[in-house]
Amino acid sequence: MHILDSLLAFSAYFFIGVAMVIIFLFIYSKITPHNEWQLIKNNNTAASLAFSGTLLGYVIPLSSAAINAVSIPDYFAWGGIALVIQLLVFAGVRLYMPALSEKIINHNTAAGMFMGTAALAGGIFNAACMTW
């Protein structure tokens, strides 16, 4: 019976996590002025680097939350915090680089790499700072 309880807990956290990632990607792509999905479909490396780094920057703290959450509502709360942190990282990079979206649209790989790296760094720091 213990294995079934473990499988149920795994399934709950995994599928809730997948749903939170999908919701995050939807919200993030609606917040940014450029259309990441279309740019990536059009082989825009800068957009791919930025969006991939952002995805990792969200999934890392979400994974930390899955490991340490004491309940499903706790997991949701930390997932929400990770989402907000990624939006703040994007806003911060745009303060530093106001033409970020235009640079990404114009295939500026350095701008895309910087955005992706900033998002990844924000996610790693976010995961490290999660306390219970």
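Glycine is no exception: its Cβ is also placed from the backbone N, Cα and C atoms.
The following features are taken from Swiss-Prot:
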type     : residues : note
TOPO_DOM : 1-6      : topological domain 'Periplasmic'
TOPO_DOM : 28-46    : topological domain 'Cytoplasmic'
TOPO_DOM : 68-71    : topological domain 'Periplasmic'
TOPO_DOM : 93-109   : topological domain 'Cytoplasmic'
TRANSMEM : 7-27     : transmembrane segment
TRANSMEM : 47-67    : transmembrane segment
TRANSMEM : 72-92    : transmembrane segment
TRANSMEM : 110-130  : transmembrane segment
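Here the topological domain 'Cytoplasmic' (28-46) has long-range neighbours at 54, 58, 83, 86-87, 90, 101, 103-109, 111-113, meaning same-chain residues at least 6 beyond its ends whose C-beta is under 8 angstroms from one of its own. Note on the transmembrane segment (72-92): residues 12-13, 16-17, 20, 23-24, 27-28, 31-32, 54, 57-58, 61-62, 64-66, 115, 118-119, 122-123, 126, 130 of its chain, located 6 or more positions outside it, place their CB under 8 angstroms from a CB of the stretch. Across all of the topological domain 'Cytoplasmic' (28-46), the predicted model scores a mean pLDDT of 97. Beyond the transmembrane segment (7-27), the same-chain residues lying 6 or more positions past its ends with a Cβ under 8 Å from any Cβ of the stretch are 55, 58-59, 62-63, 66, 69, 72, 75-76, 79, 82-83, 86-87. The DSSP breakdown of the topological domain 'Periplasmic' (1-6) into helical (H, G, I), extended (E, B) and coil residues amounts to 5 helix, 0 strand, 1 coil. DSSP places the residues of the topological domain 'Periplasmic' (68-71) in helix, strand and coil in these numbers: 1 helix, 0 strand, 3 coil.
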